[in-house]
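Everything below concerns the one structure shown next.
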Amino acid sequence: MSDSSHSEKRNEKPDSYDNHAEIAVSEIDTGAQLAAESVEAVDPAEALRIRRTENRQKYLANDVLVQFMDKTTLAYAAILGIEQEAHLTVDQYNWLGTIFYLSYLVFEYPQNLALQRFPVGKWMSINIFVWSVALCSHAACKSFGGLFVARFVLGICEGSITAGFMIVSSMFYTRTEQTLRVGYWFLMNGTAQIILAFVAYGTLHITNSKLEPWQWLMIITGLLTLILSVCFWLFFPDSPTNAWFLTPKERVIAIQRIKGNQTGVENKHFKKEQLIELLWEPKTWLFFIFSVADNIPNSLTNQGTLIITSFGFTTLQTTLLGCVAGVIEIVTIWSGVVISARIPNSRAFVASAYFLPSLLGIFLLNLLPWIFIVSVISLAWVSATTAGHTKKVTMNAVMLCGYCIGNALGPFMWQEKYKPRNHVPWITIGCCFVVSIILLMIIRINLAAENRRRDAEPSDTRYDNVYVELMRDGSIEKVKVEKEFLDLTDTQNREFRYVL
């Protein structure tokens, strides 16, 4: 094809493809060429072996562990003396929790664009390195202003982490596996709470030092994150098309294995039409509002240790009680994702059911951190119901913007005038849980209705014969691109069915 012809094809919307269309390489998924090299069906045993090979790469799980541990350091630093050392008021402490999510919010979309434009693993590595430096810098801060800047930088870097692992999950795993894999990664949240509780407990026993326990906490966690950033740069794969731990043949199988997702691997070309499509869809804003409501209660992350100490527990006892919350989180996330994966189309029901113990905890004024499983299921659900790489990246940004807004608003509930019983914050959290359950059911009803409409439609053949010119063995060859690797959105691809 000529350059002008390629340009014309790039400007066409995918809906205009005819039965023998030719398109530019930039329009298709990065996995298309590898997928075209295999016409044989993937052996299930071989596919299982590839999945096990992928599962052995633990770097992302370690990143989630360190990421959550780093975010929770502020809560433990609060009982280790940071408030007194930096002369923080209640409002200033709340702002340290809020500014993290405000900077996260502002830089969320730029971070997602960077994740689409640059190699995912390398971009995340850079952010993790900057994160580690900012975390260690906390130890040198003795005022609200210094801590404010450090927390602001942490929020910028955080914007690449959750979005990055959501993208990677969809690259390597089927839609059913994504729920389990995201859940297993989030098990690291509970593990992080347990580890951090013991680290905080240990810092209280460092007596012959010029540094305060909370400063040691920041330094130790920061150095762990620094080590992780180096490991990420060296070993973390950017996609299954270039994963170092897979042979060329295994990469082809890895691509074919996720073909049923109807979402491909990735596309480095930003498509404005996918962005517009996303913004006009009701499910986008339903998920966004759900993300806001679901994350307002997350203020318990920074307030939890303060609330426990208000019950009369000593600082040492409070640090160890953090282990209990971590164990509960591990158990609930594990059970929730396993149930969701084993019972088809049960995500909304399982997530709603797991809100009930939290509502009971509100009535008892107790801390039952079961809400994390709902966030895990919703993140996996969003990835499984969105296709088209630009659309998926933007949807991740929308979902995480809701996450940021909810987390930014939450800390302001915990005001001095509501202590000691904190009736207003607890009632607000209970209302958020109820609203979240209602939204989950509305989303499920809408997606189920769309699936029924598609089942009643005639077969769509618009994308059955689409070709691209690729360089193979030194010559240009026209290669047929399967529908799954055309980087179609879930709306364009009428064979796409939403998981419920």
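Start at 1 and count along the chain as shown; that gives each residue its number.
Note that Cβ sites are derived from N, Cα and C of the backbone, with glycine treated the same way.
Curation does not apply to TrEMBL; its annotations are automatic.
Annotation comment: TrEMBL describes 1-22 as region 'Disordered'.
According to TrEMBL, the compositional bias 'Basic and acidic residues' annotation covers 1-21.
A Cβ distance under 8 Å defines the sequence-distant neighbours of the transmembrane segment (93-111), meaning residues of its chain 6+ beyond its ends; these are 71, 74, 78, 83, 127, 144, 147-148, 151-156, 158-160, 163, 299, 301-302, 394, 397, 400-401, 403-405, 407-412, 414. Taken from TrEMBL, the feature transmembrane segment covers 93-111 (among others).
If you look up TrEMBL, you'll see 148-172 (among others) marked as transmembrane segment.
If you look up TrEMBL, you'll see 184-204 (among others) marked as transmembrane segment.
Annotation comment: TrEMBL describes 216-236 (among others) as transmembrane segment.
As annotated by TrEMBL, transmembrane segment applies to 320-343 (among others).
TrEMBL lists 355-381 (among others) with the feature transmembrane segment.
With a threshold of 8 Å between CB atoms, the same-chain residues lying at least 6 positions outside the transmembrane segment (393-414) that come near it are 90, 94-95, 97-98, 100-102, 104-105, 108-109, 111-113, 115-116, 159, 162-163, 166-167, 274-275, 278, 284, 287-300, 302-303, 375, 378-379, 382-383, 386, 422, 424-425, 428-429. Marked as transmembrane segment by TrEMBL: 393-414 (among others).
Under the heading transmembrane segment, TrEMBL lists 426-447 (among others).
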Exercise for the section: With the transmembrane segment (184-204) as the reference, find which of 148-172, 216-236, 320-343 contributes the most Cβ pairs under 8 Å. Expected result: 320-343
Handout entry: Intrachain neighbours beyond the transmembrane segment (148-172), with Cβ under 8 angstroms and 6 or more residues off its ends
Key = 54, 60, 63-64, 67, 70-71, 74, 95-96, 99-105, 107-108, 110-112, 114-115, 120, 123-124, 127-128, 130-131, 134-135, 137-138, 141, 178, 181-182, 185, 239-240, 254, 258, 261, 263, 265-266, 379-380, 382-383, 392-393, 396-397, 400, 403
